[in-house]
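**Student:** One structure, pasted below without further comment.
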Amino acid sequence: MSASTTDTLRHDWTLAEVRALFVQPFNDLLFQAQTVHRAHFDANRVQVSTLLSIKTGACPEDCKYCPQSGHYNTGLEKEKLLEVQKVLEEAARAKAIGSTRFCMGAAWKHPSAKDMPYVLEMVKGVKAMGMETCMTLGRLDQEQTEALATAGLDYYNHNLDTSPEFYGSIITTRTYSERLQTLAYVRDAGMKICSGGILGMGESLDDRAGLLIQLANLPEHPESVPINMLVKVAGTPLENAEDVDPFDFIRMLAVARILMPQSHVRLSAGREAMNEQMQALAFFAGANSIFYGDKLLTTANPQADKDMLLFSRLGIKPEAGEGHADEVHQAAIEQALVEQQSSSMFYDAASA
């Protein structure tokens, strides 16, 4: 791909084409990805988001990677849906330390009718603060999707996790077609899609390519594409899975950037295991979004002040959100992050 073709958005990628991207020399792949990235984004800006678990544990799904599944004994305590006021307090705290998007995740197969009114109030409250809103609640029906859109939800996260061919080896309680149907409902309701997957579950190169093909060949590319590295949790079937080669993970980010030029490619779960050099390579490969705070959904996430120190060393600045002048936004982050204290409510995006 030449620089002259970086504006092309495609929805017809083939396995042969994507496999060829994966296997080309590493430097060539990163050069191509960086060229595409610079055609669509400021290469020195990264979106920062905070993720809060609003309902933790006892999920009826059997996703083999997930510590929140009720099928496995991981020691995670079940928690009820958080009160709306507590969620809004955490959102205000996230905004104060620089997050421009607040994501709320619940360990559900799908939201119940009795929980929806509370969820809708959370969306309205966070929107009123001037933040972007994102939720991951499991499978949605059309009525629920339209209600969330009416409440003002900006983004809905629903990961495809892996390729259709490998999916049945990881999850049996929800079909791939159900996941695609939820994404269709979200798209039709006018919300933006956040969807990605996980590396390190025993998948092949073709499975990694197949996941990205599914995402890139959707009618519209996801606005955000979280790429997770498996966080191995004791008690889950994948606790002894083989580690992902760091260069293979960077290749995944780079190919995602090439296939979906205008999407935010999110460096998500597993970042705690990445050293600074690997994270810097990830940004060079086209990753331009991170979750930060103390934790994602159930696993450790690098401390936010460390993130900002790394940003400073790399000359990277957070994307400014609505209502934040760049200077004010940056100052708020740097001031508050040094004083940020641990919060047990921040939890791994891979389980979304």
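Cβ coordinates come from backbone N, Cα and C, glycine included.
Since the structure is predicted, the reported quantities are computational estimates derived from the model, not experimental observations.
Okay, these came from Swiss-Prot:
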type: DOMAIN; residues: 44-262; note: domain 'Radical SAM core'
type: BINDING; residues: C59, C63, C66; note: [4Fe-4S] cluster binding site
type: BINDING; residues: C103, C134, C194, R266; note: [2Fe-2S] cluster binding site
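Could you give the neighbours, burial and distances for every feature on this list?
**Tutor:** Packing around C66 ([4Fe-4S] cluster binding site) is summarised by its Cβ count: 30 other Cβ atoms lie within 10 angstroms of its Cβ, all protein chains included.
A strand conformation is recorded for C103 ([2Fe-2S] cluster binding site) in the three-state DSSP classification.
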**Student:** Do me a favour and check the Cα-Cα span between C59 ([4Fe-4S] cluster binding site) and C103 ([2Fe-2S] cluster binding site); whole Å is fine.
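**Tutor:** Computed Cα spacing between C59 ([4Fe-4S] cluster binding site) and C103 ([2Fe-2S] cluster binding site) is 18 Å.
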**Student:** Please report the DSSP secondary structure of C63 ([4Fe-4S] cluster binding site), reduced to three states.
**Tutor:** coil
